[in-house]
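Worksheet: the structure to be examined is printed underneath.
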Ligand SMILES: Cc1cc2nc3c(=O)[nH]c(=O)nc-3n(C[C@H](O)[C@H](O)[C@H](O)COP(=O)(O)OP(=O)(O)OC[C@H]3O[C@@H](n4cnc5c(N)ncnc54)[C@H](O)[C@@H]3O)c2cc1C
Ligand SMILES: NC(=O)c1ccc[n+]([C@@H]2O[C@H](COP(=O)([O-])OP(=O)(O)OC[C@H]3O[C@@H](n4cnc5c(N)ncnc54)[C@H](O)[C@@H]3O)[C@@H](O)[C@H]2O)c1
């Protein structure tokens, strides 16, 4: 057994772990990185990258069916599903070098392709290595949660870890779970020619503003996706030509393929966390606001930290941990300024509080500013007028923003800057956005917040009247 001593040992080579390792080694720390699967973790191999690449293929196919709105003849897309998957894996291959073992070794990280598990509060083992580190960072991510639905073990089903490898187009894909994974993959498969049914136990896109989520769901339904809400999948069975998902009240959904997308389970089992005095719960590693576990030497970042589960959050967590472990500076992970986006068409983006949450938290002090994409000239030229923004404002400062529409995922970034820095609506109103861009929507919604104060205000009218009298 080889013994290694280092400043920082990172367990997991996904979005969070790689960000910690790259930052720490380039600032002078000695770093060991453990990864027992593929470098790049979920986002690169089974998550964000393949899903967005599949969505891009679906968007191309869908555009062909609606081109006549622009005076260009509609065409029925000829989809070669295997070639679509070649495109998906081509995109992964193009990004993979950035996350590769070679790149990290080139930066000076010692990369070990083994499972790390703790043997004491300051040591862990990984294969033939025993590693003693001043600080450990757990970045082991999450895996698809597969609930114990009767019959599921007797049929072939897919998760995000296997669906992208499927090279034949499903004739009818049943998706259990109407969260972001379910909705994104349902729309992409439908646009690539599959029949699709989504079964959602409660409300699809349930973490988002219900009115805005409804706009996305209406679009999916208009494209032919069947969405059944308020129905838990109770049992699964095999039929002559595929799979049946049994719902309450005797309702059955028949399909050829089944995708389970009902949430995530934190990867803690392999860690032997108890041997290091690290507390865990159902959400993952129990951490404080500094992302420190019950063992003060050990931090957790990304999906396993039991907070929001997004790649940009894993990257943000990495910065919080680097500040503390390298420089000994205090740093806390906040959530208010973290956006999330569902990459459906139209896109759905949220930051901070939804309208309902803002009203519960701030009562009558909340003001809502709204703006519709139909009033944006670029949205008109693109025929992308289905969309809205609303900003929840308390004492002149935004506490939440919801956006549905084209480029919502790009539009939301500005609001992260605004909320992170405690800026006011006046700062957004004061910016100049190029015309004609969809990003003018952000300025216009700030204008909508101020317009009743300016245009429906008798004092303003009186002052203007007086000034006009005295101006030369
Ligand atoms: C289908 C899908 C689409 C998504 N789309 C988006 C998106 O568009 N935008 C977004 O922001 N987020 C998206 N996400 C979420 C995003 O993928 C995750 O939030 C992100 O990957 C979390 O990064 P992480 O570093 O915490 O974990 P991971 O990327 O999962 O990395 C953890 C790594 O740790 C390794 N590991 C685990 N245990 C051990 C051990 N004991 N020893 C050694 N190695 C270990 C694993 O093999 C893995 O490689 C998506 C997720 C899915 C499933
Ligand atoms: N665009 C993005 O950023 C993106 C995309 C995909 C995933 N992700 C991340 O991955 C996480 C997991 O996504 P997800 O969609 O798997 O989970 P989720 O928890 O967001 O949604 C799962 C849905 O499944 C439903 N469900 C659970 N059991 C059910 C059953 N038996 N029958 C029917 N419905 C059932 C739940 O009510 C819920 O709405 C997300 O929360 C997000 O953090 C992000």
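Heads up, the Cβ atoms here are built off N, Cα and C, so glycines get one too.
What TrEMBL records for the NAD(+) site is 177, 178, 179, 180, 181, 182, 183, 184, 200, and among 108, 116, 255, 263 the residue it adds there is 263. Neighbour counts of Cβ atoms within 10 Å were compared across the binding-site residues 116, 141, 179; the minimum falls on 179. Ranking the binding-site residues 200, 303 by how many other Cβ atoms lie within 10 angstroms of each Cβ puts 200 at the bottom. The sparsest Cβ neighbourhood within 10 Å, among the listed binding-site residues (140, 142), is found at 142. Taking DSSP states H, G and I as helix and E and B as strand, the domain 'Pyridine nucleotide-disulphide oxidoreductase dimerisation' (338-442) has 40 helix, 33 strand, 32 coil. With a cut-off of 6 Å between Cβ and the nearest atom of ligand 1, the binding-site residues 177, 179, 183, 200 reduce to an empty set. There are 15 other CB atoms within 10 A of the CB of residue 52 (FAD binding site), with all protein chains counted.
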